[in-house]
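Noted in TrEMBL for the protein shown:
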DOMAIN    48-297  domain 'G-protein coupled receptors family 1 profile'
TRANSMEM  32-55  transmembrane segment
TRANSMEM  67-89  transmembrane segment
TRANSMEM  109-127  transmembrane segment
TRANSMEM  148-169  transmembrane segment
TRANSMEM  204-223  transmembrane segment
TRANSMEM  244-267  transmembrane segment
TRANSMEM  279-299  transmembrane segment
Amino acid sequence: LLVASKMNMITTNFTVTEFVFLGLSSQPKMQLILFIMFLFFYLLTVVGNIIIITVIQIETRLQTPMYFFLTNLSFLDICYTSTDVPQMLSNMMGRKKTIPFPRCATQMYFSLSLGMTECVLLGVMAYDRYVAICHPLHYTVIMNQRTCVQLAGISWASSFLSSTVINIFTLSLPYCGPNVLDHFFCEVPSILRLACTDTSFTEMVVFIFTIIIVFIPFLLIVVSYARILLTVLRMRSASGRHKALSTCGSHLTVVALFYGTGIFMYMRPQSKTSRAGGKIIAVFYTVITPMLNPLIYSLRNQDVKGALRRALEKQRT
């Protein structure tokens, strides 16, 4: 409520009262094709992540720190994609492709907050794999329930706080026109392009918080997997090496998809970011990655596949 009231106070001083989305295409036939495609992606994302959450909750074998964080990730992906995709679908089929400034500010805040949370959470998940593989005898002591809840809480709280600071700086800029947003949802880089003043300082603030919330967790991931690799190479058993690496494969795939596109979008100067390219990149980390996460974790994870199989067998009997 405090964040919402702060944003409402800031947005009352704007000349621009609404933004007009250009979206992904202006051709009616292409818009229909994109609507059907993204509606399918959205439904697949929601259903797939709900299945992952449900299976983890009902399967006692999956009541471990790794799957506690996976539950957080699945819930996060549902929220993240629901922040942007419904608005995009509405714009594709509606004649009026606009969004009021206060609603745009709210969407920008939650979209950035949830995206940052995913970055930090992926770093925490890498640390969990490091402890499990490099310190297996102390795993249950180090990654106890209290620690897991604290790490998850830090992931959410630090990201929402960082997003608050970034959005306050972004929304404090004057927006006197134009109001045409060359994007399919309200995102900081695209909003900054429409400011009626120099945005260098705000871009620097965004860059600094991107380093803190995005790049530092990425370094944690790199260091964790470097230590994991060294530990795996010392293992004499081939089956032990395979088992250790198999638990990391799904996580590494998700990291590559999400971080690769996110860093490319937020850690480059705005002047060097192609608008068309930026929209395609945004599709990957707002739509494609949340949709692929449950597929990656179910197809590449033997424990989840086994739990899904047992759940289906129970339904048949």
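Yeah, the Cβs are placed from backbone N, Cα and C, and that goes for glycine too.
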Test the contact criterion for the transmembrane segment (109-127) and the transmembrane segment (32-55): 3 or more CB pairs under 8 Å, pairs 6 or more apart in sequence, then answer yes or no. no
Beyond a gap of at least 6 residues from its ends, the CB atoms lying under 8 Å from the transmembrane segment (67-89) belong to 23-24, 35, 38-39, 41-42, 45-46, 49-50, 52-53, 56-57, 99, 107, 110-111, 114-115, 117-118, 121-122, 124-125, 128, 148, 151-152, 155, 184-185, 254, 286-287, 289-291, 293-294, 297, 303
Looking only at residues six or more beyond either end of the transmembrane segment (279-299), which have a C-beta under 8 A from one in the stretch? 24, 38, 41-42, 44-45, 48-49, 51-52, 70, 73-74, 77-78, 80-81, 84-85, 111, 115, 182-185, 187, 250, 253-254, 257-258, 261-262, 264-265, 305, 308
For the transmembrane segment (32-55), find every same-chain residue at least 6 residues outside the stretch whose CB is under 8 Å from a CB in it, and list them. 24-25, 62, 70-71, 74-75, 77-78, 81-82, 85-86, 88-89, 92-93, 287-288, 290-291, 293-295, 297-298, 304, 307-308, 311
